[in-house]
Amino acid sequence: MAAVRPREPASPSSDIDIEFVFDYSKRGQWLRAAVLGANDGLISIAALMMGVGSVRKDFITMILTGVAGMIAGACSMGIGEFVSVYSQYDVEMEQINRDVASGNCSERDAEVRKKGLPSPLQAAVASALSFSMGAVVPLLGAAFIKNYGLRLGVVIVVVTLALLGFGVLGAVLGGSPIVKSCLRVLMGGWLAMAITFGLTKPFGSA
């Protein structure tokens, strides 16, 4: 009589579907800095160029204003991010040292926590670069157009498309609704350009 071989139990992985859920909050810090920097550069320089364009119609003034604004804004964003992240770094380092001194944290765990701290220099460079990437969009839109009315129209169209792109990118990476994100970014950009243009215009007539 042949021996009956016992049936091996099915592998748990064959019967159970494992679903991995990505935690979008882990992207929060770098996503915030990148999207904020690029969006700030786009809106700030576009609004600045529109404001100057409402007073001065010549090509050179508008472009130089955008370039100067891009350089100043990138420096401001980079320095601000460096100071902010360095403050956070100092606070967390002091907490780690206190935990080690009180015996609540071993030296090995402290080293692991220190390696996980954010880099102020990397944050500053990323913020400055992202601002510059956003700022260059309206500059490129106006760089080769001499006609005043056409130049303003092209800047508005290019900035609108870029705002929609940033809205989609932020929604996809952050896991938020695309339409809501796009409308929020678009309305904010249009409002900034309209207010700057409208409030600067009277100074030209004066």
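Cβ coordinates come from backbone N, Cα and C, glycine included.
So that you can see what the record holds, here are the features copied from TrEMBL:
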TRANSMEM  30-52  transmembrane segment
TRANSMEM  59-79  transmembrane segment
TRANSMEM  123-145  transmembrane segment
TRANSMEM  152-172  transmembrane segment
Are there at least 3 C-beta pairs under 8 angstroms linking the transmembrane segment (59-79) and the transmembrane segment (152-172), leaving out pairs fewer than 6 apart in sequence?
no
Go through the chain and flag residues at least 6 beyond the ends of the transmembrane segment (59-79) whose CB is under 8 A from any CB in it; none is fine as an answer.
37, 40-41, 44-45, 48-49, 52-53, 124-125, 127-132, 135-136, 138-139, 142-143, 145-146, 151
